[in-house]
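A.B. asks: First, the structure itself, so that you have it in front of you.
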Amino acid sequence: MAPSPIMPRYHVGPMASTRRAISKKGFPRTRSFPVLTAPLDYLRDSPGKDIRSGLTDAFNEFLCVPEDKVVTIKRIIDLLHNASLLIDDIQDDSKLRRGVPVAHSIFGIAQTINSANLAYFLAQQELKKLSNPDAFAIYTDELINLHRGQGMELHWRESLHCPTEEEYMRMVQNKTGGLFRLAIRLLQGESRSDRDYVPLVDTLGTLFQIRDDYQNLQSDVYSKNKGFCEDISEGKFSYPVIHSIRARPGDLRLLNILKQRSEDLMVKQYAVSYINSTGSFEFCRGKIDCLAQWANLQLAALEEAEGAGRGDKLRAVLRLLDMKASGKQADVAS
């Protein structure tokens, strides 16, 4: 029988959907339709500092998971992290990511969203390589947390509602902590250890986000990679912004600047000066120092229980996040 002129010669089904080429970085790409992953591949070509991968390796010093499982978990986290950045940049109307134009300015919004969504399912597909029967439930749980946190942050921005510090911390535990926790929970599921490392992971996630908020408004490195004070242009209620607004509840200047979503350099410089005048950057640095000290205490307790020397890699990550140790310009951006 002659092939139908309106039907393709290839079969698209479960087997066809899993045939993938492997990129030079070891991550799956779609063989037949590279356009599907083009926005994702574009973002990967300008890699970040990959702190999540470093954390996975560091925690595995305690958990001793086989290397093939670690590689799979790191692949899952990389796919999800980059997918979330593609979506974040659209939602925030960002202009730069890692020093280059954002993906949707090259490939368009629709194609970028589709590529990000595809990455979620490519990551989900990798779960089959893990031994833990609860891996899918863990994956779903933390992706729900991630979207819950992201949703609250978007709600505050769109409604011009300044959250409390407690609300902010809860959001960070969900949004930033989600992928941190996912990596370690998947590792724990492949390990013989029954010790819970999630409390330390939660501390690190909060430390990372508050430090990121601070750097966005204070770091020359961040300005180069993401634009000057991008959080102000986004109208984002970051940690120093929340403290500054609540330090002077009767003064609406900063709240109104956020409302404008201004790209004006002078306006953003004024906002930074205002935030500094309320002592909010100093307060932020104090919080970062406090979280770093608490993380070091948690790590010391783990080493005491599990054996000295196992925390060396984690301690190196902490030095990177500790602004006193690394210097405030150190770049750990996404």
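Glycine is no exception: its Cβ is also placed from the backbone N, Cα and C atoms.
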A.B. asks: Pick from His81, His147: which one does Swiss-Prot list with Lys49, Arg52, Arg98 for the same isopentenyl diphosphate site?
C.D. replies: His81
A.B. asks: In this structure, which of the binding-site residues Lys49, His81, Arg97, Lys175, Lys236 has the fewest other Cβ atoms within 10 Å of its Cβ?
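C.D. replies: It is Lys49 that, of the binding-site residues Lys49, His81, Arg97, Lys175, Lys236, has the fewest other Cβ atoms within 10 Å.
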A.B. asks: Which of the binding-site residues listed here (Asp92, Gln209, Asp212, Lys226, Lys236) have a Cα atom within 10 Å of the Cα of Arg98 (isopentenyl diphosphate binding site)?
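C.D. replies: If one measures from the Cα of Arg98 (isopentenyl diphosphate binding site), the binding-site residues that come within 10 Å are Lys226.
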A.B. asks: What subset of the recorded positions Asp88, Arg97, Tyr120, Lys175, Lys226, Lys236 lies within 10 angstroms of Asp212 (Mg(2+) 3 binding site) at the C-alpha level?
C.D. replies: none
A.B. asks: If you count CB neighbours within 10 Å, which one among the binding-site residues Arg52, Arg98, Lys226 has the smallest count?
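C.D. replies: Counting other Cβ atoms within 10 Å of each of the binding-site residues Arg52, Arg98, Lys226, the minimum falls on Arg98.
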